[in-house]
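Notes to accompany the following structure.
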């Protein structure tokens, strides 16, 4: 089976392995294109399936599982996965792994403690997502959750002194308008909803989740800039803090109920599917997203909104009216425009201005000028470009 290394090259075990550099240019180009579209498919499915699976698990009849336990289990599984990956990097040498972790986690404890802040925020964010998805239709949540693009951009400007192009500012305004329209449709009673749902609480939870997502992503990026730890090490450290903080949150919010009914009360195969999706989905995206450019990532987000909406119609009887379609369309367009590379955005803006004055013209990137550096700030699910939402993410979880 082919293995993908950190540098993105693919090699199969044995003497017959062929490196990517040894392939013919046409073959390498075709393989790269296939990987890009595979990455696109993975991102679309992961973005949509997590929201839909949580919504499905939270609306099933019968005993409802404790969301706080699901958050803790996702952190535990994610940490164990990262530990196994680090063990593989050390070629199965337990002594080297223990020495490495002792140095990276305990000796450099100041560096480790820096991750307590984003871990706390991500744990809060994961719990808020359960509240939001339990009170909002999956499609409405998916559209509204794109506000994390806006919060990430604003925190990038405030904390990292980044600048946004005019097209990006315009796309953020378009994004906010689209979300506002969708929420207006929701407040106006867009179709029947279960009596135990509270759209106001769902909106408050998703807005708080978007704020925490934006701040945590930018804060984590600042940490990554000043450290040399691998993605798996950082995710292991975040998993340790996330598990501890998740247990504190569990004890504070539902400790009595969990003690009486049990940690795994209400767990069904659907719930385990949610936990596994949340635990491994972000790590999976962390591996494959290297093959997708900004446009494809924005396109994946847009497709996941469409997929969530279609699935919600079939699974949950969601009703799409013209107001929701308008708001969702504006959000999809805003996501695509915002994800354009800076040079392409300038070219579009310049071309539009030229068409309105003296006809079309073509603007190119000045020769020799490198494209702006974009540092990933992902937390396992931590794949957030500074001007893109977490795909995940998750979330943390994604």
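Even glycines carry a Cβ here, placed using N, Cα and C.
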If you look at how TrEMBL annotates this chain, which of 15-36, 37-58 comes out as transmembrane segment?
37-58
Select the range from 64-87, 169-188, 200-220 that forms the most Cβ-Cβ pairs under 8 Å with the transmembrane segment (323-340).
169-188
Count, for each of 64-87, 169-188, 200-220, 296-317, the Cβ pairs lying under 8 Å from the transmembrane segment (232-252), and report the range with the highest count.
64-87
